[in-house]
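In what follows, a structure is listed as structure tokens, so that the remarks can point back to it.
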Amino acid sequence: MHHDKRCKESNMKIVKAEVFVTCPGRNFVTLKITTEDGITGLGDATLNGRELSVASYLQDHLCPQLIGRDAHRIEDIWQFFYKGAYWRRGPVTMSAISAVDMALWDIKAKAANMPLYQLLGGASREGVMVYCHTTGHSIDEALDDYARHQELGFKAIRVQCGIPGMKTTYGMSKGKGLAYEPATKGQWPEEQLWSTEKYLDFMPKLFDAVRNKFGFDEHLLHDMHHRLTPIEAARFGKSIEDYRMFWMEDPTPAENQECFRLIRQHTVTPIAVGEVFNSIWDCKQLIEEQLIDYIRTTLTHAGGITGMRRIADFASLYQVRTGSHGPSDLSPVCMAAALHFDLWVPNFGVQEYMGYSEQMLEVFPHNWTFDNGYMHPGEKPGLGIEFDEKLAAKYPYEPAYLPVARLEDGTLWNW
């Protein structure tokens, strides 16, 4: 009898699950779950260039099956939507599950009246080290941008740069002083040209210039964005060892995890991989064979708090640390959740922080703070993030796509 009563009292029935697609500068997909006692939770389901697919997956399939369930039963709901779909994994399915999971953790932490990081096990550090993006169309521009971010207090800085002889290069803003936004609005992706030879010849010159001017005080990061073959990546990693990079990111497409062994055999430059992964299975071989140093999976794409916690725990056995993807195409809801996760997770490495426009942050009033290179999620119960539905409605969805890349002879390549 007592047991039944206790179960009944702990039941927090879900009465509403709503999906919002809004474009305050770029598209975001937000899930809002409401319980019968009025507690709400938010989850991010944004999948850049495929937002409507995740929105319909949630609206048509998951939201109706959430109604009447106990919001406290996060693990059971996660398993139900993962195993119950029969078709497991994949970016659309996992982004939808991630949003549900994030919203339920928001609710649970609010019900417990504590910030999410406390519910996860409390802070493991004073603050969350974040890295910023710096770019320039020339080395001098990149150095100026680096200096600006250094003055802001960033301890970890990613550098990208325009390459002589190439009209387009990954990581460039559309114009001087503009924030970098990879997606282009319209019905068709932008096509960009790529030359591995020009990249391999030029990029070490950028790192040399940065280290010569600024020294080794900051962690230096660089994103290769899946562009190189394994042997090219091995050669590149070897050639930049003197610059003591914090990591080289996504050196080669990671579907073939075996090929990272070849890179490892040739260079001690640390490797970070995983922003396009959507489950622990994508990470398994890379982690257990110690072929990478940082795992970049995200809360929005890899199963929410529940999925990411498994990945991080597994990675900790092999001294692989987290370095979660954090561009502005994951919404402020994901960033809020990520900062709670990062503050708690024992094997934390670094968190990417690209930042958001004022317009975006008006739609998603946030509670996190930045101080001298470190962020903190704040002490509000739950994720500490809100969603202004009325304002969001003023920014309807606009089709936008990430670019595609072609080699100079026209061959479609990895963007």
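Along the chain as shown, the residues are counted starting at 1.
Each Cβ is built from the backbone N, Cα and C atoms, and glycine gets one as well.
The annotation active site, proton donor/acceptor is assigned in Swiss-Prot to Tyr170 (among others).
Annotated active site, proton donor/acceptor per Swiss-Prot: His225 (among others), in sequence order.
Per Swiss-Prot, the feature substrate binding site maps to Asn48, His133, Glu275, Arg296, His325, Asp329, Glu352; the stated evidence is similarity to another entry. The 10 Å shell around the Cβ of His133 (substrate binding site) contains 23 further Cβ atoms across the protein chains shown. Annotation note: His133 (substrate binding site) sits in a strand segment as assigned by DSSP.
Around the Cβ of Asp223 (Mg(2+) binding site), a 10 Å sphere holds 20 further Cβ atoms from the protein chains shown. Residues or ranges marked as Mg(2+) binding site in Swiss-Prot: Asp223, Glu249, Asp250, Glu275.
In this structure, Pro327 (site 'Important for activity and substrate specificity') belongs to neither helix nor strand by DSSP; it is coil. In the shown protein chains, 19 other C-beta atoms lie within 10 A of the C-beta of Pro327 (site 'Important for activity and substrate specificity'). If you look up Swiss-Prot, you'll see Pro327 marked as site 'Important for activity and substrate specificity', on the strength of similarity to another entry.
Here the binding residues for substrate are Asn48, His133, Glu275, Arg296, His325, Asp329, Glu352. Their largest Cα to Cα distance works out to 19 Å.
For the pair formed by Asp223 (Mg(2+) binding site) and Asn48 (substrate binding site), distance between Cα atoms is given as 18 Å, rounded to the nearest Å. Considering only the recorded positions His225, Arg296, His325, the Cβ with the fewest other Cβ atoms within 10 Å is that of His225. Proximity note: of the listed recorded positions (His225, Glu249, Asp250), none has a CA within 10 Å of the CA of Asp329 (substrate binding site). Within 10 Å of His225 (active site, proton donor/acceptor), as judged by C-alpha distances, the recorded positions found are Glu249, Asp250; the full candidate list was Asn48, Glu249, Asp250, His325, Pro327, Glu352.
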